[in-house]
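Q: Here's a structure for you.
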Amino acid sequence: MGQIFPRSANPIPRPPRGLATHHWLNFLQAAYRLEPGPSSYDFHQLKTVLKMALETPVWMCPINYSLLASLLPKGYPGQVNEILQVLIQTQTQIPSHPAPPPPSSPTHDPPDSDPQIPPPYVEPTAPQVLPVMHPHGVPPTHRPWQMKDLQAIKQEVSQAAPGSPQFMQTIRLAVQQFDPTAKDLQDLLQYLCSSLVASLHHQQLDSLISEAETRGITGYNPLAGPLRVQANNPQQQGLRREYQQLWLTAFAALPGSAKDPSWASILQGLEEPYHTFVERLNVALDNGLPEGTPKDPILRSLAYSNANKECQKLLQARGHTNSPLGDMLRACQAWTPRDKTKVLVVQPKKPPPNQPCFRCGKAGHWSRDCAQPRPPPGPCPLCQDPTHWKRDCPRLKPAIPEPEPEEDALLLDLPADIPHPKNLHRGGGLTSPPTLRQVHPNKDPASILPVIPLDPARRPLIKAQVDTQTSHPRTIEALLDTGADMTVLPIALFSSDTPLKDTSVLGAGGQTQDHFKLTSLPVLIRLPFRTTPIVLTSCLVDTKNNWAIIGRDALQQCQGVLYLPEAKRPPVILPIQAPAVLGLEHLPRPPEISQFPLNPERLQALQHLVRKALEAGHIEPYTGPGNNPVFPVKKANGTWRFIHDLRATNSLTVDLSSSSPGPPDLSSLPTTLAHLQTIDLKDAFFQIPLPKQFQPYFAFTVPQQCNYGPGTRYAWKVLPQGFKNSPTLFEMQLASILQPIRQAFPQCVILQYMDDILLASPSPEDLQQLSEATMASLISHGLPVSQDKTQQTPGTIKFLGQIISPNHITYDAVPTVPIRSRWALPELQALLGEIQWVSKGTPTLRQPLHSLYCALQGHTDPRDQIYLNPSQVQSLMQLQQALSQNCRSRLAQTLPLLGAIMLTLTGTTTVVFQSKQQWPLVWLHAPLPHTSQCPWGQLLASAVLLLDKYTLQSYGLLCQTIHHNISIQTFNQFIQTSDHPSVPILLHHSHRFKNLGAQTGELWNTFLKTAAPLAPVKALTPVFTLSPIIINTAPCLFSDGSTSQAAYILWDKHILSQRSFPLPPPHKSAQQAELLGLLHGLSSARSWHCLNIFLDSKYLYHYLRTLALGTFQGKSSQAPFQALLPRLLAHKVIYLHHVRSHTNLPDPISKLNALTDALLITPILQLSPAELHSFTHCGQTALTLQGATTTEASNILRSCHACRKNNPQHQMPRGHIRRGLLPNHIWQGDITHFKYKNTLYRLHVWVDTFSGAISATQKRKETSSEAISSLLQAIAQLGKPSYINTDNGPAYISQDFLSMCTSLAIRHTTHVPYNPTSSGLVERSNGILKTLLYKYFTDRPDLPMDNALSIALWTINHLNVLTHCHKTRWQLHHSPRLQPIPETHSLISKQTHWYYFKLPGLNSRQWKGPQEALQEAAGAALIPVSANSAQWIPWRLLKQAACPRPAEGPADPKEKDHQHHG
């Protein structure tokens, strides 16, 4: 009946489609552990089970073999159940992370740690996998790689890092299948891994091979070559196995291979800037790279390989695939995505037409939305039937009575909680996935063995369609009976003329003769889990219509077995929907934090709490990955509280922004809503269901006492407490539940904050209806309400720590202030925290609070004792009196809102109130800003904005009038004279302002029992007067400062006083120096009542202007100096002017300011000629310019040890080169080598051939990118040349360098290297530069190369003097250009010669002329070639001629026409 499955010749079967290779390898290794070994039939059954199990992949996220085994029916054929049991045992034995190494034996016992304290968070490691085993008795055979094999392996490991468990499993499987040689393994490594990983693997493999060769390997012959060569021989199976094991071990030794590197998966987004992507890579490498691993090569490799395609093209085009990171960043700096702005066009949906649909004939919808199928456009081209499409034509379907199924097309029904409707056939209460069938002529139908599930709540009944061929097909409900040999059908299904035969049937009740008949007509039975009917050649007919049985003859054709799935408890689905966003949508690896031990008392309490949570349905047993520790905490009443330490999960969670601005202000409840009720929810968070995919992040383990056995694993089914997004998620869910209630009762108010709810209504009837609707909605959504804690008027209503009365609000607990001078720091801090909580109802100004806040400052030890001064004790008394009057009014909707702003030296106090009310609505306090100086206009504008924001947010209104304590005169002066940004804000709100002045009794007698100090602030009184124009009769004061000195100049027709002085030792700030210089200048000008002050410091200029308008002084390091300014400026008239420094303008202001700056300048070079030479080794002429005589300079050069050693002649031979006609005309470039301390430097040198100015940079390479970088740096120093001349080295003739020269419009030519005629100048410059470097390193061996090169360039360009022009190279390079000599103008020469000439560029052999030369120069002469133009002609195209005879006289016989080349 069944197919015989021999042992497969293939050593390792292929995995089923959809299952990863490393998972399939675990199943194979578990099968190879069985005794006896598995057969092909076992592998066939395993593959068929896994194929259908992949349609319900809940056991794979993560993989859970126990869950997969529970899905397997009892008595399933083959050894599939045994294979799964091996996997379950192995999974429980392998720890989730390796145990730490045992500590060395200590000399003393470590201190006992508290087992109840949660351990610190430990990073979870990667899960382990099963090792690889060979199949029983099947040796692997060598087979070379093919491209499809390499592609398949690369596809499997594309999502795993080299060295990870998944990577190693796949590679091991490939090694077992193909038995590769050393060359095959090298090809696989180059195909799979990057060059960086391949090089690291190569290093590890070399070290492992060396150790193995030293240790000795069986079969290894040292004389036959290295191990790699011998392993390439397919006959050397033992050596090949040893090499394969070493090759696999090298992966495990890679740095960072213990887990998948997170930085390896960082990819650049399509629109992400390249520098942002590189910054993310750099941060990830800093956090994840093991210590000691070089970061730079990995960063450069990933910066190219993980970049998007556009940036990779840019890097390839510029040759920066593995260049320094700066070059890669510059190459992609200007890259922007092409389609960065996308426009989404949304068209409104048009209403449906009134015409009927042409498909169904009904109006009200478009034809595209019609439920009827689209009719065919015409008759079918195959059968000419107009009722169906060509794809549905019966002629296209082969008329095969029974297609042979595929071996893997097993009809298997695994029980699922929610079957997908598209993948299931329904019938008779059974559920089964569809069978995918293909015709295989070589397959036997007997290999099909479907598993037919039965409904446990009913008998094994199934609905079947029976076609007896004598009547129409009919559907019946039949009993599946494996004990019946034949199928039994009722006689009602057959027609009266159906031929029936008598037969005897032996059943459970005995033998019967007349109850059943036998029909020989074929009967077709269609079962719901089969696509093709069952054909029975004969069956029994029940003449009494009592039985319909599907017997073994029908089931044998199905090749199926019956099984009864285990009864499962139906899940309880809460009415509240699971949140769509939890903060873990990117699904990182769940944390694996070990459970720490608990003492017996705590363990017993934990087990009791877990049992209660399990009964309540909040948790469920769990077997997946992930773990967070748990522990109980005893409360004050003796009960225990369950605590789940979710710190690791919270660190992986993205914060969800809450839409709630905070707790509502209860004073916003109108007095018209007098009827109130509170609702308290029990266990609010435990009503939000948690999606299944997030359970690994909220799993925990309850350990057994003394570790007598494995702990019990649980996971939360609902949102747990301790999760940082739980309050936000619950608040959003509760808001969605209450929103329909708010819309149904617009006249009422529902206040919600977290799980606290307050109902407010104008009448008791409305309150009762609102309460009933709210209660019903909460209960219907599964939120239980605590009836015991419900409060309702008339009665005291306590909500959010406050007591709500009909017309006012008070706090539930007002702190008591003890009056004493000695306080412990925690006591005073706790008292101020409680006062801050009730500050919105405490009638006090900012001053008492600020005084006590200052008492907390300056302490570093929490155990300090604080001693209050008398003013601070007085502040305690003021706060005690204010707290006794703590009360706030409720909002009266018929009255406008009023505001009062009081600016004081300690901060701002803002009050919101309503007229004719006994108490204000709220008191708001704000400290002074942290800036050292804050104009009062800025404070007033900030207070107005804060007041409007608070009233709009809490009351939905703006203050109609705003009172303040600034005088009208001060206010108007600030508006007219200040340029502060707060001026437009004050002008915008000026129509609401009202000045109180000294009117202390109008608004405050009811709020404060004593009059409030609302007089104008003395600090806002202007100290001095600003003059808008300069004062002609007053002197001028200039001051300035640096980090080390300060200076001032007092001038009136001449300098009256000037002084520069150093700063005191602790002060090293330029601002302090500028302020100190101004103070000294004001002190010297104290006798003048008027003064003109000129400052180049913007800080000091704005500070004085703000001080003139009135300001509040904040904290500043210059506070002692700033306190002296009002005394020196009191009652003066000042004109302020800001000067821009270093303008070099000829006006007297700039000159006097420059003179003040000069007082701060310390001479840069205060060296004697000998000291200068010892530092720079400059030449003799440079020393004479620094004050030395010629003899002294010569003696200094002779006495210098470094100069005698490296350059005895004290000069370099001159080179010969065609020089430029002006600066930046022609440059010469070269790369010279300089070796120092075993480091070879490449000096890229550029020389201007006109001035000799040099630019040099030290590099480590001679690539084109380095040459381009050095040229750009030279251009930044010397300017852009017109021509550059280099040798024909690879760096200079590369395409990149030539393209760069073309883009900069620079003409590039080459010369012969080391030729004194063509490259003499740059070679001489190289010698001068290296000679100076040798001198510097002789004197100072530890001098850095960069510093030595900078000193050498300074010496060559700025100090050494050229003998032919007595200028330095820098002076000559920046000297003004000479006027050009025009060639079109006739020039008169004192000495004239006549020449025959040939024009350059022409091949004519005829001499022209003679012509008289207009001008002669070295190498050429200016010859008039026509009547209007002249041209310079070189000597090689000239020959001298005698002066021609005058026309009127005979020729002198002595004169000869001697001609020669010039």
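Just so you know, glycine gets a Cβ as well, placed from its N, Cα and C.
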Q: Write down the one residue from GLU1074, GLU1171 that Swiss-Prot lists together with ASP1040, ASP1096, ASP1157 as binding Mg(2+) 2.
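A: Answer per Swiss-Prot: GLU1074.
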Q: Given Swiss-Prot annotates ASP755, ASP756 as Mg(2+) 1-binding, which of ASP655, ASP665, ASP680, ASP861 belongs to that site as well?
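A: Site partner of ASP755, ASP756 for Mg(2+) 1, according to Swiss-Prot: ASP680.
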Q: Which range is it, out of 124-127, 644-647, 1032-1035, that shows up in Swiss-Prot as motif 'PTAP/PSAP motif'?
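A: It is 124-127 that Swiss-Prot annotates as motif 'PTAP/PSAP motif'.
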Q: Zinc finger per Swiss-Prot: which of the ranges 355-372, 607-624, 877-894 is that?
A: 355-372
Q: Could you round the CA separation between ASP756 (Mg(2+) 1 binding site) and ASP481 (active site, for protease activity) to a whole angstrom and send it over?
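A: One finds 61 Å between the Cα atoms of these residues.
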Q: Take the C-alpha atoms of ASP680 (Mg(2+) 1 binding site) and ASP481 (active site, for protease activity) and report the distance between them in angstrom, rounded.
A: 58
Q: Within 8 Å of the centroid of the Cβ atoms of ASP680, ASP755, ASP756, which other residues of that chain place their own Cβ, given that this set defines the recorded Mg(2+) 1 site?
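A: Sorted by sequence, the hits are THR678, ILE679, LEU681, ALA684, MET754, ILE757.
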Q: Of the residues in the domain 'Peptidase A2' (476-554), how many are helix, strand and coil by DSSP?
A: 6 helix, 34 strand, 39 coil
Q: Tally every other Cβ atom lying within 10 Å of the Cβ atom of ASP755 (Mg(2+) 1 binding site).
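A: Taking all protein chains shown, ASP755 (Mg(2+) 1 binding site) has 18 Cβ neighbours within 10 Å.
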Q: I'd like the Cβ neighbour count for ASP481 (active site, for protease activity), meaning other Cβ atoms within 10 Å of its Cβ, all protein chains included.
A: 17
Q: If you average the pLDDT over the motif 'PPXY motif' (118-121), what number do you get?
A: 44
Q: Any idea what the Cα distance is from ASP755 (Mg(2+) 1 binding site) over to ASP481 (active site, for protease activity), rounded to a whole Å?
A: 58
Q: How would DSSP class ASP755 (Mg(2+) 1 binding site) in three states?
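A: SS state of ASP755 (Mg(2+) 1 binding site) = coil.
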Q: Take the Cβ of ASP680 (Mg(2+) 1 binding site) and count every other Cβ within 10 Å, whichever protein chain it belongs to.
A: 15
Q: Does DSSP put ASP680 (Mg(2+) 1 binding site) in a helix, in a strand, or in coil?
A: strand
Q: Tally of helix, strand and coil residues over the DNA-binding region (1393-1443) according to DSSP?
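A: Helix/strand/coil tally for the DNA-binding region (1393-1443): 3 helix, 26 strand, 22 coil.
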